[in-house]
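Colleague: Just lifted these from Swiss-Prot, have a look:
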BINDING   GLY8, LYS9, GLY10, GLY11, ILE12, GLY13, LYS14, SER15  ATP binding site
BINDING   CYS94, CYS131  [4Fe-4S] cluster binding site
MOD_RES   ARG97  ADP-ribosylarginine
Amino acid sequence: MRKVAIYGKGGIGKSTTTQNTVAGLAEMGKKVMVVGCDPKADSTRLLLGGLQQKTVLDTLREEGEEVELEDIIKEGYRNTRCTESGGPEPGVGCAGRGIITSVNLLEQLGAYDEEWDLDYVFYDVLGDVVCGGFAMPIRDGKAEEIYIVCSGEMMAMYAANNICKGILKYADAGGVRLGGLICNSRKVDNEREMIEELARKIGTQMIHFVPRDNFVQRAEINRKTVIDYDPTHGQADEYRALARKIDENEMFVIPKPLEIEELESLLIEFGIAN
């Protein structure tokens, strides 16, 4: 079972990219579980046809210790297994702590057991690695390979670099490695070349360039992944390609994060700062 975590700055399209990629893997016949690690609890909506599923933390709050696995895992597109860790009530408690509680409970209830015959577990993790709780999939060896969703925008690249610092910190202890950058295009000038160069400097690869297409939003409005909504659309093939590249990937590295000056000079070199 491959344990994958998807990171990236808030609003970059992690949940969309994760779900569309998982749909591609499921279409290939892979058995996948998606664990949403975001208090917004939107990491599985498209796989479940728009169903806002009850989160692990909400279920725990209401049921106490009497939680069964079927209370917190739903079957989605092509038998993907979907669960959302959820978060505390706004203004109360620590969302990172909630992820730790949720993943531990999933383990106790046997969500990862061999009977489920899982090929992949995907963790869709909130924003930047800003606190220890959100770094938990990296830190505790829950995830073994990380993909960072980014774009040619400065803050997305800055966040990607910060996430690399987190991976570097825990690489020895947790055995986690960076599998590559996924460029979720924002149509920035020289975007593909810039992210390829960023990847090269960090010591990794740009595993796929996902072109911007409003069809992704149209599929989302219809509460589906692109592959589910219109399997013949060109954008569906982009996510199939990304799924295939992840499935075949053999490049796993300990990243070499850039100094801020290096990052800024990269932005200047490719014209974004002009």
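Cβ from N, Cα, C; glycine included.
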Colleague: Going by C-alpha positions, which of the binding-site residues (GLY8, GLY10, ILE12, GLY13, LYS14) is nearest CYS94 ([4Fe-4S] cluster binding site)?
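Modeller: So, spelling it out, the nearest of the binding-site residues is GLY10.
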Colleague: Count the other Cβ atoms sitting within 10 Å of the Cβ of ARG97 (ADP-ribosylarginine), across every protein chain shown.
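Modeller: Other Cβ atoms found within 10 Å: 16.
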Colleague: Would you mind reading off the Cα separation of GLY10 (ATP binding site) from the residue listed as 'ADP-ribosylarginine', to the nearest angstrom?
Modeller: 19
Colleague: Using a 10 Å radius around its CB, how many other CB atoms surround LYS14 (ATP binding site)?
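Modeller: LYS14 (ATP binding site): 26 neighbouring Cβ atoms within 10 Å.
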Colleague: In whole Å, how far is the residue listed as 'ADP-ribosylarginine' from LYS9 (ATP binding site) when you measure between their Cα atoms?
Modeller: 19
Colleague: Highest Cβ count within 10 Å among the binding-site residues GLY8, GLY10, GLY11, GLY13: which residue is it?
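Modeller: The most densely surrounded of these binding-site residues is GLY8.
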Colleague: Round to the nearest Å and give the CA-to-CA distance linking ILE12 (ATP binding site) with ARG97 (ADP-ribosylarginine).
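Modeller: About 23 Å separate the Cα atoms of these two residues.
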Colleague: Just how many other Cβ atoms lie inside 10 Å of the Cβ on LYS9 (ATP binding site)?
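Modeller: Around LYS9 (ATP binding site), other Cβ atoms within 10 Å: 23.
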Colleague: Three-state secondary structure of GLY8 (ATP binding site) from DSSP?
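Modeller: Note: GLY8 (ATP binding site) is in a strand by DSSP.
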Colleague: Tell me, by DSSP, whether SER15 (ATP binding site) is helix, strand or coil?
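Modeller: Where SER15 (ATP binding site) sits, the three-state DSSP reduction gives helix.
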Colleague: Please report the distance from the Cα of SER15 (ATP binding site) to the Cα of ARG97 (ADP-ribosylarginine), rounded to the nearest angstrom.
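Modeller: On Cα coordinates alone, these residues lie 20 Å apart.
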Colleague: Cβ atoms within 10 Å, counted per site: which of ILE12, CYS94 has the most, among these binding-site residues?
Modeller: ILE12
